[in-house]
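**Q** Before I ask anything, let me first share the structure, which is written out below as structure tokens.
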Amino acid sequence: MKLQIMAARWQGEIDVPSSKSMGHRHLIAAALSRDTSYIKGITPSDDIEATIEVLRSLGVDIQRQAEVRPHRYTYLVQGGMQSYSHPIVCDARESASTLRLLLPLAIYSDNKVLFTGRGRLTQRSLAPYQALCMKQGIYWQQSEHTFPLTVQGHWTAGTMALRGDISSQFFSGLLFVLPLLKESSTVISTTPLESAGYVNLTCACLREHGVAIQAKENAVYFIRGGQTYRAGTYHVEGDYSQAAFWLAAGVLRGTLTCSGLNRNSLQGDRQILALLQQMGGHVGWEGDKLTARQSNLQGIDIDVSSCPDLFPVLAAVGTQATGVTRLYHAARLRYKESDRLHAMATALQTLGATVTERADQLCIVGPTPLRGGTVSGSRDHRIVMALAILAPFCQHALQIEDAQAVVKSYPCFWQDIQKVGGILTQEETI
Ligand SMILES: O=C(O)C1=C[C@@H](OP(=O)(O)O)[C@@H](O)[C@H](O)C1
Ligand SMILES: C=C(OP(=O)(O)O)C(=O)O
């Protein structure tokens, strides 16, 4: 779908959708208890639905109830996976979090599990799990294009060493399952661990569900065996990775307020606040809401290794900041829903921005007026959303292809953009 977006400025308030990362984690932890949990405040998205469907395929009973707040649901999760006499199919759709967080659990469930998936997920690595499963004697059968992937076997507690330079999601996945084994385990990263903040988020979520992980120096995790997950009521806080688009839109052109965020959140992407401030952005708390106001922005150097999901929006902001914005340590961005380094470089260049793509970084020299016209969203939700907020800078109407990609994390994005001043026209349906 190609959407035309026009806007003079951004103005208004957004109730930020629930954190996708926290949503996945709370649902999984609830599925591992033996009682009913209530996970509140979830904004469904394609990725969250993928996690729910995989958990249901594993025998977990999950129902939902609409809340008063628009687009919010409480999920009632009756914990406990089932063991079936036939192979079961689990569809991770395009969500790497779903696949990588749930694959260890699927093995633990005592089933023969056949995973499927689509789009870019067919190219995203599972090498650390494959190597580990080989060592553990767990059956692993994979086609050339990842799916179908069949796994079956039993985890043996002990020391597990795996690469941490591909994705932190492999570590999070193991941390969910290892506390359930009788004996204790240690998980070690054989490389510096990238996106480590997401593993901290996993540990914090597990703690809330009654499970303790001891995080030691240098990405070593000690996991006591024989633990049990506690059922309860949990609230999923707002998503800083999504708030980032609105905060960026505000400092670029307008005034935007975000509600629903936890001021003391452990989400790594909370650093969008500090990063925009370092660029000269007026962003600050007013009570429990975060407001961003139009500012004169300066380019800065940003290491995106701990906040990869902020890369597209920071690149967009860089086009309107004075001087050089250098987003470095970004090579892993080539293996997300698109090659995000190349996708952003190409789209911004098409719009008229001055951008240089290097192997592991993007350099943007600004500020530049943008031409507008048609750009590819690279079938990637974060690329689409990052480009959309540039609409006020475009001399001709901005038209974004693959606009439907937002459903992966933020199905209401286009409704929200209209609330804050965007005028949308659907150009064509593919
Ligand atoms: O654990 C998580 O919830 C996530 C971890 C990150 O992935 P990597 O660890 O692969 O960087 C992030 O990019 C992804 O959107 C969500
Ligand atoms: C990379 C992302 O998600 P996942 O890795 O779960 O597919 C994302 O949401 O930007």
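For all residues, glycine too, the Cβ spot is worked out from N, Cα and C.
Since the structure is predicted, the reported quantities are computational estimates derived from the model, not experimental observations.
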**Q** Looking at TrEMBL, ARG124, GLN169, ARG340, ARG382, LYS408 are annotated for phosphoenolpyruvate. Which of LYS2, LYS20 sits in that same site?
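**A** For phosphoenolpyruvate, TrEMBL names ARG124, GLN169, ARG340, ARG382, LYS408; of LYS2, LYS20, the listed one is LYS20.
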**Q** Listed binding-site residues: ARG124, SER168, ARG382, LYS408. Which have a CB under 6 angstroms from an atom of ligand 1?
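**A** Near the molecule: SER168.
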**Q** Given the binding-site residues ARG124, GLN169, ARG340, ARG382, which lie within 10 A of SER195 (3-phosphoshikimate binding site) by CA-CA distance?
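**A** Qualifying among ARG124, GLN169, ARG340, ARG382: GLN169.
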**Q** At a 10 A cut-off on CB-CB distances, which of the binding-site residues ARG124, ARG340 has the highest count?
**A** ARG340
**Q** To the nearest whole angstrom, state the Cα distance for the pair LYS408 (phosphoenolpyruvate binding site) and ASP309 (active site, proton acceptor).
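**A** Cα of LYS408 (phosphoenolpyruvate binding site) to Cα of ASP309 (active site, proton acceptor) measures 13 Å after rounding.
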**Q** So which of ARG25, SER168, ASP309, LYS336, ARG340, ARG382, listed as recorded positions, have a Cβ under 6 Å from an atom of ligand 2?
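**A** Among ARG25, SER168, ASP309, LYS336, ARG340, ARG382, near ligand 2: ASP309, LYS336, ARG382.
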**Q** So among LYS20, ARG25, SER168, ASP309, all listed as recorded positions, which is physically nearest to ARG340 (phosphoenolpyruvate binding site)? Use the C-alpha atoms.
**A** ASP309
**Q** What whole-number Å value do you get for the CA-CA distance of ARG25 (3-phosphoshikimate binding site) and ARG382 (phosphoenolpyruvate binding site)?
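**A** ARG382 (phosphoenolpyruvate binding site) has its Cα 21 Å from the Cα of ARG25 (3-phosphoshikimate binding site).
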